[in-house]
Amino acid sequence: MAVFSQIRERTLYRLMKIVCGVSFMMYGYDAGVLGGVLLHPPFLSAIGNSTNTWTIPMITASYDLAACITAVGIAFFTFNIGRRGTIILGNIAAVIGSVIQASSYSVAQLIVGRLFTGFAIGCISSAVPTYLSETGIEIGDRGPANAFNAILLISGVPLAYWIDFGFTKMFTQAIWRVPIIFQCIFAFFSGGTMWYLPDTPRWYYARNRWEEGDGVLAQLNDAPINSENVQRTRREILAAIEAELEANSSLHWKQFLTMAIVDTTRVKIVRRLLIAYYSKLRTTIRPHKHAGHEAKKFGGSIILSSITRPSLVSLIAGVLNTFFALGCVPLYFTIERVGRRSVLLYGALAMTTLITIFAVLVAIPPTQAIQWTGVGIIFTFLFVFDYAWQGCVWLYCAEIAPLEYRHIGGAATASGEWLMTFITVFAGPIGFANVGWYFWILVISGNVVAVLSVFLLCPETGGRTLEDVDYLFVGGGCTGLRKDTGVGRESVEGLDKKKAAQVEDDVGV
């Protein structure tokens, strides 16, 4: 870590953003790269031209399933290795998985490689948003940083698509092996650079590594350890640790089974972790999923498949994926002005309206006008979804998770994403084939639930430190309806000093 010890303040945080962004770009790239080559003859030849109808879905879904299981499993040990260690571990696994996949000559080997990359993405998706949120010094840092991260995440999908598209003009094994091994470039840069970067000051303090926490905090502030800014942030972090330790005494795993109806913890730990889980779960089924690749599954591909010119379908799918990446761009400039709650709430309302219109278009007899209207709806939905429920959700879930459980919050968010993605891969085509347009009622319901849950349960976290967020949930009830809890940074300053002193006394500092 001495390599970057002289880099301080904004320059250091920019480097952290770039490294995390490259990891998330690999996340997006890896999610899309195999879909563009699955049905091409060189790939099918390499896996023995299997005629089993479950072969391709299993290859595809093994990645999603591994990411989901990993996101749950790593919650038990990532607090010990830290946010930084989890990101490094994910990049190492990505290299291993990419090499195994690119050298595959059997379905079994390919699935093993997919499991490794799924493990990698599970680690990265659960740790990166937390790392970015906890290293932001200014209150306004977290929003743009996570929006930038989301831009690179979604940019990885069209990048994979266009690389696949270019290589499909060849008829050798390179058509799929080169695009898959290409993702190692992301992993080498991100994992290698992260090795020399520090972990977050909040993690160091939570692990009682006081000197390292002080050092990173001073480095990010570009100020002496005894400066007022450093000491104030230090007090707030220690106060949050103490408050959460007190809440732990009333926490029991059985409360999770009640879906947070019973949550006796003072700062509502159970509710906050379940919000993180369901935030991704309830909006993951969406009409663009797998559009243009993965064998024309459903959603956008239903309408696109009705357009008879293959070259036009490929072009629309490519533009669709590229357009998807643009949704997070305005989020970068507006997230701190508009606020997280407004973005999520009005975004969910818009998505509900659009998906309802889309369902009507699917239900009525198709014409060319209806098909192109459907394409327009998909484009609009993609933009709204990416703006409101891609980058903003990763940010919000990282902010509301308590410090002692932020690794679990990140894991919950990632597992919700990947669980519903896995279900979508299998249930989507089957559901649409069996019940037709009625399937979209389920999708509409998910978006309606998103509107209600944000309105009732999700308070605004913008304009506050991560430590202040704890106090937004004190008292329970419909926390989303509160205008202000009356507990801000200034009003807890005395409490911060008292609790920080108590923590220091407890550990003998």
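Glycine is treated like the rest: Cβ placed from N, Cα and C.
If you average pLDDT over the domain 'Major facilitator superfamily (MFS) profile' (16-462) in this model, you get 81. The domain 'Major facilitator superfamily (MFS) profile' feature in TrEMBL is assigned to 16-462.
TrEMBL lists 12-34 (among others) with the feature transmembrane segment. Nonlocal intrachain contacts for the transmembrane segment (12-34), taken as residues 6+ away from its ends with a CB within less than 8 angstroms of a stretch CB, comprise 4, 59-60, 63, 87, 90-91, 94, 101, 114, 117, 120-121, 124-125, 128, 131-132, 135-137, 141, 145, 148-161, 163-164, 176, 179-180, 182-183, 186-187, 189-191, 193-194, 197, 219-220, 293, 321.
The transmembrane segment annotation in TrEMBL covers 54-79 (among others).
Under the heading transmembrane segment, TrEMBL lists 86-105 (among others). Panel annotation: around the transmembrane segment (86-105), residues 20, 23, 26, 30, 34, 46-47, 74, 78, 112-124, 126-128, 131, 177-178, 180-181, 183-184, 186-188, 190-191, 194-195, 407 of the same chain, lying at least six beyond its termini, place a Cβ under 8 Å from a Cβ of the stretch.
Taken from TrEMBL, the feature transmembrane segment covers 144-163 (among others).
Here the transmembrane segment (175-197) has long-range neighbours at 1-4, 15-16, 19-20, 22-23, 25-26, 29-30, 33-34, 36-37, 40, 42-43, 46, 84, 87-88, 90-92, 94-95, 98-99, 101-103, 117, 120, 160, 163-164, 167-168, meaning same-chain residues at least 6 beyond its ends whose C-beta is under 8 angstroms from one of its own. The transmembrane segment annotation in TrEMBL covers 175-197 (among others).
Positions annotated as transmembrane segment by TrEMBL: 343-364 (among others).
According to TrEMBL, the feature transmembrane segment maps to 370-396 (among others).
For 408-431 (among others), the entry in TrEMBL reads transmembrane segment.
Taken from TrEMBL, the feature transmembrane segment covers 437-458 (among others).
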Would the transmembrane segment (370-396) and the transmembrane segment (144-163) count as touching if the test is at least 3 Cβ pairs under 8 Å, pairs 6 or more apart? yes
When you scan the chain for residues with a C-beta under 8 Å from the transmembrane segment (343-364), skipping those not six or more beyond its ends, what do you find? 283, 286-287, 302-303, 331, 334-335, 370, 373-374, 377-378, 380-381, 384-385, 387-389, 392-393, 396, 436-437, 440-441, 443-444, 447-448, 450-451, 454-455, 458
